[in-house]
Every structure is written in C-alpha cells, then in structure tokens.
Amino acid sequence: MAHDLARAALSGLLHRTNVPKEVIDYIVFGTVIQEVKTSNVAREASLGAGFSDKTPAHTVTMACISSNQAMTTAVGLIAAGQSDVVVAGGVELMSDIPIRHSRKMRRMMLDLNKAKTLGQRLSLISKFRLDFLAPELISVSEFSTNETMGHSADRLAAAFSVSRLEQDEYALRSHSLAKKAQDEGLLSDIVPFKVPGKDTVTKDNGIRPSSLEQMAKLKPAFIKPYGTVTAANSSFLTDGASAMLIMAEEKALAMGYKPKAYLRDFLYVSQDPKDQLLLGPTYATPKVLEKAGLTMNDIDVFEFHEAFSGQILANFKAMDSDWFSQNYMGRKTKIGSPPLEKFNKWGGSLSLGHPFGATGCRLVITAANRLQKEGGQYALVAACAAGGQGHAMIVEAYPK
C-alpha cells in the first residue's frame, strides 16, 4: 500500500539523518490518488515508521506538485513560528489504484445495506442489470475539460511546432543523463525497498536509454495516427515516495546539523487548464525570479518536472518568445529558456519516473545535491500540474 512506501521513506530519512523522532514537530505528505483506508497517509505512515503518536501529520493534494505543497506548507509552519522541525514528503502507488464499482452498483449496495426486510432486498436485487458491474477506471484526465494530459501535451507540442524528432531526442537525453548519473553514484538518495513477493528495489528501474531509431518505431499514444507524443517521450507511471527534513536554521545549527540548502522564495501559479495545462514553469519562473531579485543568469542549476518531452520543449519555446510573453503573460520581454548545460543534468521524470505525489521533493533534493556537487549557489525548481497549475522555487546552497 502507499503508506508502506511512505513509511519506508520516513524510516530511511531517520536512518540517514539520525534525527531523534521526538524533535519532529509536524509531518506533511502529498499524494494524488488516495487509498480510502489511509486517506491521511501522512498520519498512517508516520505511525508505521515509529514516530510519536503526539506528532501531528496531515496530507495535501495538488496533482503533480503535491509534495511541493507539502514542502512549502512546512516552510509556512516554520515561518509562522508554529514548528521548528518538519518532515515533508510525498507518495504515490500507481500499481494498485482504487477502482470503483459503477455509480448504479454503488447505489444498489448502499440501498441494500439500508433495506430492513427480505421483500425490500428482493425488490432491489430485481433491478440489478449486468451493466452495473462495469467498473469506473481512473483516467489521468482533466475533470473540467475531460481531456487526458497526454492529449493536451500533444496539442501543446503542435501549437509550439515541437517535432516528434525533437521530443525523442530530448527523451533520449533524459534517459542517457539519468543512466550516467546512476552509474556515477550520484543518485544516492535511494532507500532499498523489499517488494512483497519480488526482489528488493535498490535503484530507479525505469532508466532505459534506447536509440532514436527504436523510439521512432513507436506509434502515437494519444492523438492517432498523427500525434507526436509516444510512450518513449512521456514520463511513465511508477510507484515512489520521498521525504525530506526541513528545519529552522537556528534549530538545525543548535542540534549540530550542517544544512544542505536553503528553501528560499517560492510561488504557485494557475492558468487555463484547456490550452495552457502544462505551461506552469513558463508562468512561474519569471515571477519567482523577480520575487527573489534574481535573473536567469544567476541560476546555476535548473530542475524542471518532465511530464512529457513536448511539454518541456513547449515551455522552452514559450519562455523564449517575446510574442508569448507580451500577449499571454503581460510582460514586455521574454525571460529566455534555461541553458541545457545547466538543465536536468541527472535525468528527470521522463527517465526516473513520475510518482505524482512524490516528484516535488525529488526535484528539490536533486537541485540541492547538484548545487553541492557542481559548486553553484542558486537552483530553480519548476513544475506543471493538472488543473493548469504550476510551482517554482529558489533553492540556495548553504555556505560551506
């Protein structure tokens, strides 16, 4: 269950940091597809990981930026003086999603439960039809538009003239960089997890560098037969959990901890969920830079969520367009696209996978690790999310 993964992430964090459980003031987790039995998965996971039952915990949801919301909630608790030490994280279990009975079947089952006599029960059962058994399957689609995210990504790629070859090349880059980082031991924030009835997972197992020739053989996944979004240039659905330790600086130093990075300025944006569903990074990036008093040139590390190759490349083109900036964002000039030599150098969601509720923390900790490794000062994390929402955050390396 999802809470098993979340519990493992929490236990792994305790083991890595040696932080005493009793100093944790609060726990916040993000998740998207909730298991009814553990709707507040943060609380169930924290109890399972052995945290005090006196430590409050709550769960947030904001689609693909749910753990971003968990982190910024933690920052808010600390900034407000409510807490000094907060654990933030996220979890998603895509391999066992809740599949519901049809509404007709649910209605009948509830009515049967209320029926008091045999006659009432038989009357209800007589109304049963075979189509009641058709299940309601979960779809990664917008409630407001009923469009799947992949379909929207395909339209976005077409709107910005992003070719199939460009998308495949970017996806190959993501997988190749992730494989290189994994081989060099840079993806070290992994907790081994024993899957019941299977082997222990010790590393991200979706990294599969292929060839452009092989990728070109795949058929469009959403808009057929002319679409450009395929299984190879989309992030794949996977299981995963993340957790990070966030403290007030004075508290961390008083406890003898050497912080890794500051979580600086952040903000959230929203736009049209139909035609601009995946453009969150374009809208959020200039705003967070202005808030922090920084420019694109000040950023040493970029970590963006890769929902689809087409989404990343469309954002690049939007960010590099004066016309788009003037007509849609009310800005006089473009912000400019991130230089690739600074961008997602250890792979991204296309190659590492995208457990909806957990990706945000992965982005931020990768940014912090890259700042340490590369000697940079500022990182910019950005992500799009269902609902036409987005997030951006400035991460600053802690002085040596």
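All residue numbers here begin at 1 and follow the chain in the order shown.
Each residue, glycine too, has its Cβ placed from N, Cα and C.
The feature domain 'Thiolase N-terminal' is assigned by TrEMBL to 1-250. Sequence annotations record features per position, and here TrEMBL assigns active site, acyl-thioester intermediate to C64. Annotation source TrEMBL lists domain 'Thiolase C-terminal' at 257-396. Look at TrEMBL and you will find H354, C384 tagged as active site, proton acceptor.
Features recorded in TrEMBL, as mapped to the structure shown.
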| residue | record | Cβ neighbours (10 Å) |
| --- | --- | --- |
| C64 | active site, acyl-thioester intermediate | 31 |
| H354 | active site, proton acceptor | 23 |
| C384 | active site, proton acceptor | 34 |
Distance, C384 (active site, proton acceptor) to C64 (active site, acyl-thioester intermediate) (CA atoms, angstrom): 7
Distance from C384 (active site, proton acceptor) back to H354 (active site, proton acceptor), taken between C-alpha atoms, in Å: 12
